[in-house]
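Some features that Swiss-Prot has for this protein:
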- G8, M9, S10, G11, S12, G13, K14, S15: ATP binding site (BINDING)
- D57, I58, R59, S60: GTP binding site (BINDING)
Amino acid sequence: MRIILITGMSGSGKSVALNVLEDAGYYCVDNLPAQFIPELARYLADQGYTHLGVATDIRSRESLRKVPETVTVLRKEHDVRMLFLTASTTALVQRYSETRRRHPLSIRNGRPDTAANVQAAAKGLDTSLIEAIEMERELLSPLADPAHRIDTSTLRTNALRAYIKEFISDEPHDITLMFESFGFKHGVPTDADLVFDVRSLPNPYYDTQLRPLTGRDQPVIDFLQSQPMVLAMAEDIRAYVEKWLPSFIADNRSYLTVAIGCTGGQHRSVYIAERLATYFRAHGNVLVRHRELAVDG
């Protein structure tokens, strides 16, 4: 049986992921304590089911510590994949504000005057919500490492659905490569497996004609391709990824996220990410995401 275990931060998109699984024919259960998954899998297998999707989160926090043990047991008989969805605190606060829902760990009284809470209160933010989010992040951190992580902070719903569909795909392939451009001034992507810094490359930003463009526009491409340093770094990154890709495949990875960062995430990192994606598309499944441009492809 194929089992997809979804966990992660409240408000990060687990319901969207579970809906994608359900649309794909999975038998789906939300908020099931981990210790009950093996029994459910046995029952469903006896009934002829071949695909199971389970979401478990902080609402079942007493059973979260049993997840690694449960996954080990399940993998003796089933094909098990773990998916961990996360998002920045700022993004989660905004989502809760829009939906007006209460976080599972929110406390209304007796909040400590932590530095984060004092700063948040000065900005008029809900300190109980921020504290709950950070508490949840700490409690869930042991589950993030063994799972495939997706940071949904800037993802549109349709892009998240596309990633989930690729993640659960039954089509034979070794691994899916995600090349993600970003700007260091906005923070490093939390779901990156490899991070490359290209800030030392010549910057089109200082050309007033190129400044409003992106690394996908031909004038910027022409500028960067005329720089030997840019081509050399792109080749070095390509060679590194290609050399170590078999090791990630041998580690049973379904995804490998390669993040390319420049200062603002508009020119150099976008160009390098696109160049790498073009090369590796001939080798398998490739996705591209330009975080600061809010573009997925």
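FYI, residue positions are counted from 1 along the chain as it appears here.
Cβ from N, Cα, C; glycine included.
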Return the residue, from the listed binding-site residues S10, S12, S15, S60, with the maximum count of other C-beta atoms within 10 angstroms of its C-beta.
S12
So around the ATP site, G8, M9, S10, G11, S12, G13, K14, S15 aside, which residues have their CB within 8 A of the centroid of those CB atoms?
D57, L85, T86, A87, T152
Within the same chain, and leaving aside D57, I58, R59, S60, name every residue whose CB is within 8 angstroms of the centroid of the CB atoms belonging to the recorded GTP site, in sequence order.
S10, N31, T56, R61, L64, P104
On a count of neighbouring CB atoms within 10 A, which of the binding-site residues G8, G11, G13 is highest?
G8
Residue, out of the binding-site residues M9, I58, whose Cβ gathers the largest set of other Cβ atoms within 10 Å:
M9
Using D57 (GTP binding site) as the reference point, find which of the binding-site residues G8, G13, K14 has the shortest Cα-to-Cα distance to it.
G8
So if I measure Cβ to Cβ from K14 (ATP binding site) and keep only same-chain residues at least 6 apart in sequence, which ones fall under 8 Å?
I6, T7, G8, A55, D57, L85
Near S10 (ATP binding site), which of the binding-site residues I58, R59, S60 can be found within 10 Å, Cα to Cα?
I58, R59
Cα of S15 (ATP binding site) to Cα of R59 (GTP binding site), in Å and rounded, measures 14
Spatially, which candidate from the binding-site residues I58, R59, S60 is nearest to M9 (ATP binding site), comparing Cα atoms?
I58
Distance from I58 (GTP binding site) back to G13 (ATP binding site), taken between C-alpha atoms, in Å:
14
At the Cα level, what's the spacing in Å between G11 (ATP binding site) and I58 (GTP binding site), rounded?
11
